[in-house]
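Trainee: Pasting a structure below so you can have a look.
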């Protein structure tokens, strides 16, 4: 049974009703973050796992929890945590996006005083262990590599995340997927020349340089009914790697980080019609040549083998590409 709302003294009630409001709450919300979840799907001997961290945030119609300290409408963050586990038990976990949609819909359907639900999920990168049965490595054949039924290895190549935002009076849910922490490097076929040359410039034209970045990428879906979220995420990651690296034997030229970024975003939109917009940020992780000129008696000749990694400061290049007939929440 809910407690009665707190009542203010008469003098305070009178003051609050007659005094003009000088401020307004323009944004708000509360929730539970970093709810760690492991879901095991057991299909006979073949098991699948999904481990993730879930964040749930709610916006209420009323501001009385902030203004009067009245908690009658608050769905406790501990209750939100329990909801994550109970809905995972009830519905399973097909993908971060599908589970986020289940949670967001639940909060709107269960609590009529909730105006908006925002669910954020980050998946842990587990993959099945593949083992060699039959000396495949030495024979050059990988036919004898088998995927394990119930054993997995943590492969932190990149993080799959998603955000789902559900608003009560908007029938279309916002679904955003993303990649973060995807660090890549290539040792050639990257250049940067003919940029602004003025009194502030010290950087020489870079005709062939190491190119390294940590990909941060997110995209918004215009169609969530006809998309396999796991396959779409893998497709975007493959497109990112293809445009960065190119053909395994000959590579692909990159005249600038900007151009590589644009070609990647364009191919994502060309390949996935369900994606309305995509945003990428590529910090340029620098590797500078160590100057061996003062040490010619020790190591004669030019140096193209030894570099100094410099993470900070670094350049950052970002852009968003959107279909002209659609608006994006990115």
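Placed from the backbone N, Cα and C atoms, the Cβ positions cover glycine too.
Dumping what TrEMBL says about this protein:
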type	residues	note
ACT_SITE	32	active site, charge relay system
ACT_SITE	77	active site, charge relay system
ACT_SITE	286	active site, charge relay system
BINDING	77, 78, 192, 209, 257, 258, 284	urate binding site
BINDING	77, 284	O2 binding site
BINDING	77, 78, 192, 209, 257, 258, 284	5-hydroxyisourate binding site
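Neighbours and distances for these, please.
Mentor: Long-range C-beta contacts of residue 32 (active site, charge relay system), restricted to its own chain and to partners at least six residues apart, with a cutoff below 8 Å, comprise 55, 56, 77, 78, 80, 81, 84.
Of all Cβ atoms in the shown protein chains, 16 besides its own fall within 10 Å of the Cβ of residue 77 (active site, charge relay system).
Other Cβ atoms within 10 Å of the Cβ of residue 78 (urate binding site) number 9 in total over all chains.
Taking Cβ-Cβ distances under 8 Å and a sequence gap of 6 or more within the same chain, the neighbours of residue 284 (urate binding site) are 211, 212, 213, 257, 314, 315, 316, 317.
When Cβ atoms from all protein chains are considered, those within 10 Å of residue 257 (urate binding site) total 21, not counting its own.
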Trainee: Long-range same-chain neighbours of residue 286 (active site, charge relay system), Cβ under 8 Å, sequence gap at least 6?
Mentor: 212, 309, 310, 311, 314, 315
Trainee: Which of 192, 209, 258 has the fewest nearby Cβ atoms, counting only those within 10 Å, among these binding-site residues?
Mentor: 258
